[in-house]
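To keep things clear, I will list the structure first and then write my remarks on it.
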Amino acid sequence: MSGSMAQAFAHNFLGHSPRWYKACIVGFLMLNALVLWSVGPVAAGWLLVIEFIFTLAMALKCYPLMPGGLLLIEALLLKMTTPQALYEELQHNFPVILLLMFMVAGIYFMKDLLLFLFSRLLLGVRSKALLALMFCFLSAFLSAFLDALTVTAVIISAAVGFYSVYHRVASGNDPRQDSEFSDDQHLPQLHHEDLEQFRAFLRSLLMHGAVGTALGGVCTLVGEPQNLLIGHEMGWHFAEFFLKVAPVSLPVLVAGLVTCLLLEKLRWFGYGTLLPDNVRAVLANYAAEDNAERTPRQRAALLVQGCAALILIAGLAFHIAEVGLIGLMVIVLITAFTGITDEHRLGSAFKDAMPFTALLVVFFAVVAVIHDQQLFAPLIQWVLALPADQQPGMLFIANGLLSAISDNVFVATIYITEVKQAFLSGHMSREHFETLAIAINTGTNLPSVATPNGQAAFLFLLTSAIAPLVRLSYGRMVWMALPYTVVMGLLGWYAVSYWL
């Protein structure tokens, strides 16, 4: 092979990623095979998990689908898992895939309404601390009845809308015309400082909102997928689930909201940045012009979107169908009654969610490796061998640690299955079984905010269109989530250990 051709292949491999990153991925692929053959599948499995976390941490260097996908293909070739195991994992999580395919697209068609509502909130509330608290509380409240990914998609859609409006105006473009807003080259130097401050402002709101989904999601049967799973195993209905989990979930919710206020007041961990006056003026002018120029057709479209939002909330609250199917219904209703009949306009709605959907398939493949190699089995056995009074607290910690690096639905599935088996074998009372079930539920929900790996909503935020725009990297997410992780983790552990 000629030198120029070799250079071309090297340049094409993972595109514009840094050379050191490309070398790391090639090194991972070689190392995995060596470790598997020399040490064994368990060591190779843990190595794969660490490598996948690395690709997520470097999401701004290269979208994790490509390097993660290469690691997945190698794991399948090395028989660390099988295509059938991956397929079964996807079948088990098909509702999540449906949700990403259709619900996120449905939210896209509601972006005019969302931008209208959030701009009123953003421009109407001057206090940043109060605004952050409202974002966090609303996210928590909505996530208690809706899906955390849906709520996150709403927040992301609003943030992209705000960012695009200011960036286009600052670049001298029409904010109502589609134009590139990810490149700062055409931005006058005068606006760079305001833009950086605006990015920090949006980052803090996005993180408050994302944490809010975890605070609210833990409270109810429909808040998170693993809640439904645990509730089904325990035979708990909506009200019973809420009351059983309340001694842990409600104090943590209050503590989370207090943490939100303190972070904004103290300006720690990257929080507390105010909305620049110039940006506020641009957004206010845009909102005023929008209101003045709104035609009867646009008002009718907003009304349709509002009705669709009510139908969406009712459909999700009463669980009339899988979340993704409700999202498809929203797409049909809004497009039919607002005159969106062009295939290309429909296609735009699916652009943001499909890369993440593909990445989630790779994520489930890593989960399949964890399951096939029984990487968590020793930890589960150790916890269940402890004295009964220590089990809830240790189960909470074990769940939290594993949920921070793996899928919390998977972790909850493994633990509740093992604990139920122990209960059916007569090793514990029904009361103790219920206590352990609450520990599993809260342990998989609360400490998992530590990294984007644990919460699907966090992973969605990290790999969404808004993350590179506001410079929200993996490391920055972990740093900004740290105070919440400490407060929610410690109080959750204390409540599980002493208040149940």
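Placement of Cβ uses the backbone N, Cα and C atoms for every residue, glycine included.
Sequence-distant neighbours of the transmembrane segment (28-50) (same chain, 6+ residues past either end, Cβ-Cβ under 8 Å): 70-71, 74-75, 78, 80, 366, 369-370, 373-375, 405-406. The transmembrane segment annotation in Swiss-Prot covers 28-50 (among others) and rests on sequence analysis.
Here the transmembrane segment (58-78) has long-range neighbours at 14-15, 17-18, 21, 25, 28-29, 32-33, 36, 44, 48, 51-52, 86, 355, 358-359, 362-363, 365-366, 369, 462-463, 467-468, 473-474, meaning same-chain residues at least 6 beyond its ends whose C-beta is under 8 angstroms from one of its own. What Swiss-Prot lists as transmembrane segment is 58-78 (among others).
What Swiss-Prot lists as transmembrane segment is 96-116 (among others), and the listing cites sequence analysis. Outside the transmembrane segment (96-116) by six or more residues, the chain places 90, 147, 149-150, 153-154, 157-158, 161-162, 225, 290, 298, 301-302, 305-306, 308-309, 312, 322-331, 334-335, 338, 340, 348-350, 352-354, 356-357, 360-361, 409, 456, 460 with a CB less than 8 A from a CB of the stretch.
With a cut-off of 8 Å between Cβ atoms, the residues of this chain six or more beyond the transmembrane segment (129-149) that come close are 96, 99-100, 103-104, 121-122, 155, 204-205, 208-217, 219-220, 222-224, 253, 256-257, 260-261, 263-265, 271, 312-313, 316-317, 323, 455-457, 460. Annotation source Swiss-Prot lists transmembrane segment at 129-149 (among others).
Residues or ranges marked as transmembrane segment in Swiss-Prot (evidence: sequence analysis): 150-170 (among others).
Per Swiss-Prot, transmembrane segment is recorded for 205-225 (among others).
Long-range neighbours of the transmembrane segment (241-261) within the same chain, counting only residues 6 or more positions beyond its ends whose Cβ lies under 8 Å from a Cβ of the stretch, are 129, 132-133, 136-137, 140, 208, 211-212, 215-216, 218-221, 227, 231, 434, 438, 441-442, 446, 483-484, 487-488, 491-492, 495-496, 499-500. Per Swiss-Prot, transmembrane segment is recorded for 241-261 (among others), and the stated evidence type is sequence analysis.
Under 8 Å from some Cβ of the transmembrane segment (311-331) lie the Cβ atoms of residues 95, 97-107, 109-110, 145-147, 150, 222, 349, all in the same chain and six or more residues away from its ends. Sequence annotations record features per position, and here Swiss-Prot assigns transmembrane segment to 311-331 (among others) based on sequence analysis.
If you look up Swiss-Prot, you'll see 350-370 (among others) marked as transmembrane segment.
According to Swiss-Prot, the transmembrane segment annotation covers 394-414 (among others). Distant neighbours of the transmembrane segment (394-414): 49, 53, 93, 96, 224-226, 229-230, 363-364, 366-367, 370-371, 376, 379-380, 383, 386, 436, 439-448, 450-451, 453-456, 489, 492-493, 496-497; these residues of the same chain sit at least 6 beyond its ends, with a Cβ under 8 Å from one of its Cβ atoms.
Look at Swiss-Prot and you will find 449-469 (among others) tagged as transmembrane segment.
With a threshold of 8 Å between CB atoms, the same-chain residues lying at least 6 positions outside the transmembrane segment (477-497) that come near it are 203-204, 207, 211, 214-215, 247-248, 251-252, 255-256, 259, 263, 268-271, 392-393, 395-397, 400, 435, 438-439, 442-443, 446-447, 449-452, 458, 461-462. Annotation source Swiss-Prot lists transmembrane segment at 477-497 (among others).
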By Cβ distance under 8 Å, which residues at least 6 away from the ends of the transmembrane segment (350-370) in the same chain are close to it? 45, 48-49, 52, 63-65, 68-69, 71-72, 75-76, 80-82, 85-86, 88-90, 93, 96-97, 100-101, 104-105, 108, 153, 156, 376, 406-407, 410, 456, 459-460, 463-465
